[in-house]
Amino acid sequence: KRQVSLFILCVCVCQTGSETLRYSLAEEMERDSFVANVTKDLGVSLSQLAARKARVVSEGNEQYFRLNQNTGVLTVKETLDREEICPQSDVCTLFFKIFFENPLELIRGELEVLDVNDNSPIFPENEMVLEIPETIPRGSRFPLESARDKDVGSNDLQNYSLETNSHFSLNLGTGNDGGKYVELVLQRQLDREDKSEINLLLTATDGGSPPRIGTAQVRIVVVDANDNIPVFGREVYEVHLAENSPLEQLVVRVAAEDPDEGVYGKVRYAFTQTSERSRQLFQINADTGEIWISGNLDFEEEKKHEMVVKGTDGGGLSAHCKVRVEVLDVNDNVPEIALTSISGSIPEDAPPRTVVALFRVRDRDSGDNGKTECAIDGELPFSLTPTFDNYYELRTEAVLDRERTPEYNITITAMDWGTPRLSSQESISVQISDVNDNPPEFTKAVYTMSVKENNSHMLRIGSVNATDADAGKNARVSYALLPEQGKEKPNVSVNSENGEIYILRPLDYENVRAFQVAVQATDGGSPPLSTQALVRVEVRDENDNAPVVLHPLPNSSATAGELVPRRAPAGYLVAKVVAVDADSGQNAWLSYELAKATEPGLFRVGLHSGEVRTARAVSERDAARQKLVVLVRDSGQPSRSSSVTLSLALVEGFSEDHLRVSEEAPAAEVEAPLTLYLIICLSSVSALFLVTVIVIVVLKVRRAREMEAETGPAFPKIAGESNCGSLPRSYVYDVCFAAGTVNSEFRFLRPLFPCFPAGLPPGPGDQRSSVYSQDVANLGEEGE
């Protein structure tokens with residue numbers, strides 16, 4: 001079946017190659033101008049045009065056409081300029097080919113670019129100067145520079161006209177190359193004494209509609225008699241030059257003789273009636289008549305050049321000869337390989353004889369120099385099959401194996417038959433695609449990553465990486481998190497393209513110290529293959545919690561006041577501050593220090609125990625009320641701290657046994673968690689009651705501070721000023737302590753007898769009575 005299909009395909013290609021589509025289009029049409037509807041001309045439907053991937057390819061480097069697969073309309077890409085495309089040809093034809101695939105089919109096409117009259121005749125010079133002796137006989141002819149018109153046919157130069165005058169007329173002629181030339185014919189004898197200079201306007205007209213014209217000024221200078229004109233040795237000089245002739249090579253030497261003497265016998269040479277292209281390629285020595293090469297000759301561009309040389313003596317007499325140069329072809333163009341269609345990738349299970357690429361070989365030389373042959377370099381499982389019109393097909397020759405060779409770099413060598421033989425190469429890279437037979441593989445089975453708590457949103461903490469041995473989309477790996485049944489959505493995400501792991505929300509080390517998720521890597525094959533890896537995330541602690549004071553609690557009795565006996569020795573345990581930190585490690589190591597005190601040297605705080613003890617023995621000179629601010633600081637970076645305020649009262653009346661017990665008994669350890677839980681329970685049950693109590697306490701404290709600001713603090717008289725000790729006899733209390741307890745109990749007794757300074761009891765309106773009453777009330781509240 002495969003052989004029969006190939007035979008039918010070859011027959012169809014050969015038959016299709018013989019068909020040629022011919023169209024015409026005027027130049028200077030706008031871009032995307034309509035050329036033809038190829039579906040009607042070829043008899044194919046629009047669906048076939050798109051399904052078979054029809055496209056148009058122009059010969060040469062420039063692509064002039066565009067084929068719309070949806071409409072079948074062939075248009076030009078850009079505005080066509082016939083004079084630019086075919087400057088040396090009367091008939092301008094663009095060749096193109098229409099390619100079809102499935103099966104391969106090629107249709108030749110030609111578009112003739114029709115000339116329009118868009119160029120005016122142009123003279124090489126705006127002014128032509130002729131020096132004519134007055135003795136020249138009537139009927140003498142004087143060649144003039146011909147005008148050039150880039151248009152062809154009827155739009156080309158058609159006629160010349162001369163300004164009306166009494167001395168000269170025009171004579172038109174046609175040269176061997178078909179170009180028109182013009183000559184001045186003397187009709188009346190010149191007389192320099194009568195008129196030494198004559199100015200005439202020469203007009204060139206083309207055959208367009210409307211016609212275009214070009215003008216030049218002809219200035220005739222009448223000179224004195226010079227009775228001999230130069231004479232060339234030959235009328236026509238013919239030369240053959242190879243196209244690779246070097247610059248400044250001598251082409252020919254023209255010579256004209258003039259029997260006159262002096263300046264009238266010296267001849268100078270110049271080109272006349274010569275095309276601009278020939279003037280660029282050749283130069284002439286005005287004194288010697290030597291013509292040499294000044295540009296690069298190209299046989300493929302122009303095969304023949306014709307120049308007219310004018311020899312003028314010193315008296316203005318001139319003669320003309322022609323120089324014809326024929327350019328000979330040499331093998332100077334390498335073959336050109338133009339890829340028309342290529343399959344960059346073929347599957348490894350593609351059968352033999354599969355078409356991989358279609359290309360054409362072109363050599364601009366002629367004869368044997370333009371004949372070519374192609375071959376593949378090296379031993380590769382590919383072959384070349386010539387089709388038609390120098391087109392070749394690159395086909396597979398054996399079964400391919402991607403695992404053994406995933407890519408082939410095929411070098412095609414094209415060589416001509418010239419001498420010496422020239423060659424060129426074109427490299428074609430063919431990728432062998434595979435099937436999806438390898439799952440992705442992670443570089444690790446378990447990835448361990450860490451992140452500090454209180455991280456920012458969408459923080460990148462690392463990445464996972466999986467590779468796939470396949471190629472193309474089969475090796476394209478995407479990542480996803482595997483959800484776990486019965487668990488909430490994890491606090492991480494993975495970038496599906498590069499495997500980067502991100503933390504979605506801030507983490508709290510105190511709540512979650514580590515967790516793990518499963519990441520799945522899936523390739524892009526069909527069906528897709530996948531594998532899994534485990535990602536373990538460890539949360540690092542950060543110093544984000546300040547120490548919390550458990551004892552004494554804010555607004556508790558400890559902050560209201562602690563009693564210290566006046567006879568307390570150094571090291572006496574006053575109170576103990578207990579605090580905890582929710583962080584861990586170094587961030588939870590606490591230290592205590594005395595930040596502020598009424599008597600800085602009276603008390604000290606244990607650095608790690610938080611015990612508040614007397615630094616020295618209490619003296620009578622120490623103030624009765626002491627206020628301490630204890631600062632609790634953790635060891636984190638930066639460190640965090642909290643403070644608690646202790647109000648102390650130095651009082652008399654502590655028994656010796658209590659002092660002894662206080663010195664000997666160790667401070668009771670505060671069961672911080674139990675106390676905290678108890679407070680929480682009591683607060684939840686008695687919230688309303690506690691709020692009411694706090695409001696009352698705040699109001700009382702504010703009222704006391706206002707009175708203190710107005711009258712100043714009223715303290716009892718010291719022992720030196722009173723007969724009743726450190727406090728008045730009416731307000732001496734018996735303070736009872738239980739060994740090891742942390743709370744104090746007060747028992748209020750009736751006064752034994754009143755005692756006032758100066759021996760006089762205060763009256764009902766005495767200010768001393770109100771001060772003592774307020775002081776007793778304050779002490780009573782603190783004791784309670």
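Every residue number used here counts from 1 along the chain in the order it is shown.
Keep in mind that glycine also has a Cβ here, set from the backbone N, Cα and C atoms.
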Of the residue ranges 65-84, 165-184, 765-784, which one carries the region 'Disordered' annotation in TrEMBL?
765-784
Selected stretch (most C-beta pairs under 8 A with the domain 'Cadherin' (21-123)) from 233-337, 338-442, 443-549, 564-668:
338-442
Average model confidence [pLDDT] within the domain 'Cadherin' (443-549)
89
